[in-house]
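Q: Feature table excerpt (TrEMBL):
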| type | residues | note |
| --- | --- | --- |
| COMPBIAS | 1-10 | compositional bias 'Acidic residues' |
| REGION | 1-25 | region 'Disordered' |
| BINDING | Thr77, Asp151, Glu176, Lys206, Asp210 | substrate binding site |
| BINDING | Gly242, Glu243, Val244, Gly245, Lys246, Gly247, Glu263, Asn366 | NAD(+) binding site |
Amino acid sequence: ASYTDSSDDEVSPREKQQTNSKGSSNFCVKNIKQAEFGRREIEIAEQDMSALISLRKRAQGEKPLAGAKIVGCTHITAQTAVLIETLCALGAQCRWSACNIYSTQNEVAAALAEAGVAVFAWKGESEDDFWWCIDRCVNIDGWQANMILDDGGDLTHWVYKKYPSVFKKIRGIVEESVTGVHRLYQLSKAGKLCVPAMNVNDSVTKQKFDNLYCCRESILDGLKRTTDVMFGGKQVVVCGYGEVGKGCCAALKALGAIVYVTEIDPICALQACMDGFRVVKLSEVIRQVDVVITCTGNKNVVTREHLDRMKNSCIVCNMGHSNTEIDVTSLRTPELTWERVRSQVDHVIWPDGKRVVLLAEGRLLNLSCSTVPTFVLSITATTQALALIELYNAPEGRYKQDVYLLPKKMDEYVASLHLPSFDAHLTELTDDQAKYLGLNKNGPFKPNYY
């Protein structure tokens, strides 16, 4: 997504001394000189994130996050920059790192650093850099986080393991990925979650929009930019028919691809059948497919055995949050040759000359290789901002040490903020109709489990 390749300069940002125009060096980015370019990227994103901007304007006076010290770990793109700057405008102090080693837009990170946000991230971090950046956000004298905004659960896990005293004082955690939420429920089950957490991933405004509509548009973008592949008539297998899988399948089908689905859940499998897809085991189709896409949030979905049986020039990529779905580690062996073809595209070559095209080393395709639609991220970001405000301002005792869903009223509020973009006009219930349905005419219209 970034126009500045991380290979431009071999010196690690950790070894550079950089200061912004105000003399602060409380950040670590690729190149602070790109700040002006990054600022323009953020301004472009703001055009399509009107609801988040209107929330910023609406709440700017009352500063609902005054005193909040938020430590965040998300993708660092122009869109998340709009969220970070909104949180700052609402009174919060923020320190930020990246949840993916490839998805940071360097120029955007520079713009945030120039604006005074303590950001530690660059495109193409090593595994060691990744944890170093997270640690720099948490471990600082004279500043202690009281809120966490996480995507994937790595930051939460790090604070829980390394800084238990900080973890105990956190007022709330907001988590937006399947993977991170799964980790929170595990902590909760084991009785180790000593702070309330908000599962934003399963709020309707995240599930149905970011996961479904965003992936429906960005899967094609990521594949086209990296491989220039033609989809008409291609055989594609999509592993997982959750919201992400549904979005990917819809897009591929619309372009004339022959789509197979693998699924463990009989309900999702039945949905795939009803939508006209063949539900198969991966081993049944692995020899014939042209593209393999994982969307499960699980691990070892595509194993070395599958990779060995793929046909020449099969494209393999992942649309799930973490990098565990494709067993990439098994490909780093002496008998296989890796050839970097272009940024985020590797050909893995078998001894007989067969090649498999691996994208983003098995990490999240859309954010590593292309961008995601700004408007959809406005919906997610507004949901995250409201979840932070809700947890931070909740009276003592409203939220116990558990994982909560965002109240439906807030989901509906997020949706309503985005309707003006479409010039959409809601119908209002009459008193009689509201009574008949047993609803308040101002909502919530959906039960909390929806």
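The backbone N, Cα and C atoms fix where each Cβ goes, and this holds for glycine too.
Just so it is clear, the model here is predicted, and its values are computed rather than measured.
Distances, neighbours, how buried they are, the whole picture for these features please.
A: All protein chains considered, the CB of Lys206 (substrate binding site) has 26 other CB atoms within 10 Å.
A C-beta separation below 8 Å, combined with a sequence spacing of at least six in one chain, links Lys246 (NAD(+) binding site) to Leu212, Arg216, Gln271, Asp275.
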Q: Just give me the nearest neighbour of Gly247 (NAD(+) binding site) among the binding-site residues Thr77, Asp151, Lys206, Asp210, Cα to Cα.
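A: Of all the candidates listed, Asp210 is nearest in space.
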Q: How many neighbouring Cβ atoms, not counting its own, are there within 10 Å of the Cβ of Glu263 (NAD(+) binding site)?
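A: If we count other Cβ atoms within 10 Å of Glu263 (NAD(+) binding site), we arrive at 23.
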Q: Substrate site residues Thr77, Asp151, Glu176, Lys206, Asp210: biggest Cα-Cα distance, Å?
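A: So the maximum pairwise Cα distance among the substrate binders is 18 Å.
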Q: Tell me, which binding-site residues from Thr77, Asp151, Glu176, Asp210 are within 10 Å of Glu243 (NAD(+) binding site) if we use the C-alpha atoms?
A: Asp210
Q: To the nearest whole angstrom, what is the C-alpha distance linking Glu176 (substrate binding site) and Asn366 (NAD(+) binding site)?
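A: Per the Cα atoms, Glu176 (substrate binding site) and Asn366 (NAD(+) binding site) stand 16 Å apart.
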